[in-house]
């Protein structure tokens, strides 16, 4: 028998290796290094939103009631943006505005910046989580790449747009009706629906919905009917190892319907990835443009002719007048600190009126 005497080749683990072993251990809910960013940020963002919508008023920032405590419901409650006078202050609890007073911090709109930044980093943490897991199980990172699209939209709408304006005040508040108000604001002040980047975003989202419906229906239509047992459709069995539907049949069907069809599964699924992700990224780029007050399409010749000819009006000129109406009515209500007053005679009226 040979006995080897000497130093063990197995060195003791350092702190990093110990943490790595624990964080990336196979468990029911994966934690990972990304979880150090994701879980705290998601917890604080959601907790801040539930706290704000339940208890915190918007009286001091918008002159509105916005909490369940004041009588709002799920659709009308919101965590509102800080007042316009606070510009782009981070509104830290210990900052010069609140000076450590939690009640004052909530009244000033501190919860909005708290939720916006923790929410943004939480979303980034979720994308990193997908990268980390994909690397662990040797998958391509397309899930994480796809998730970059909603992150781009969130960051552009909630952070970049108000940074381009005079303050966080002009970002969307975190609530259902508040988001609707923001959409009306975008239309009235930026003519957003006529912006080509918005058009690409709509095409991407609705096109993706159409592709999802067609793809799901086609797969269900071409499931193999295997055997004559009690469970006729073995394709619904999650342990079935063989292919569950016929790509050849699907290709033949759509070739007859449209004259063209996907003949390759990889190209088909890449297209389903490409359409919505590109659409959302285009929308995000468009919102960055709005942050800089870039204009959408302007058809000035139609506006001039409509102004000169009482009988000439197009859907475009009607929409321009609607936008003027939104600006006139919304500015006075939405920016009470400006003390704007518009007499009846200056409110826009179309030629049809």
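Just so you know, glycine gets a Cβ as well, placed from its N, Cα and C.
Here is what Swiss-Prot says about this protein:
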MOD_RES   2  phosphothreonine
MOD_RES   2  N-acetylthreonine
BINDING   118  chlorophyll a ChlzD2 binding site
BINDING   130, 143  pheophytin a binding site
BINDING   198  chlorophyll a PD2 binding site
BINDING   215, 262  plastoquinone binding site
BINDING   215, 269  Fe cation binding site
* Which has the fewest other Cβ atoms within 10 Å: 118, 269, the binding-site residues listed? -> 269
* Cβ-based isolation winner (fewest other Cβ atoms within 10 Å) among the binding-site residues 198, 215 -> 215
* Structure fact -> Among the binding-site residues listed as 118, 130, 269, the Cα nearest the Cα of the residue listed as 'chlorophyll a PD2 binding site' belongs to 269
* Structure fact -> CB contacts under 8 angstroms to residue 130 (pheophytin a binding site), restricted to the same chain and 6+ apart in sequence, sorted by sequence, are 141, 143, 144, 147
* Structure fact -> The rounded CA-CA distance in Å from residue 262 (plastoquinone binding site) to residue 269 (Fe cation binding site) is 10
* To do: Quick one: pull the CA-CA distance for the residue listed as 'chlorophyll a ChlzD2 binding site' versus residue 269 (Fe cation binding site), whole Å only.
  => 33
* Asked: Roughly how many Å separate the Cα of residue 269 (Fe cation binding site) from that of residue 215 (plastoquinone binding site), to the nearest whole number?
  -> 9
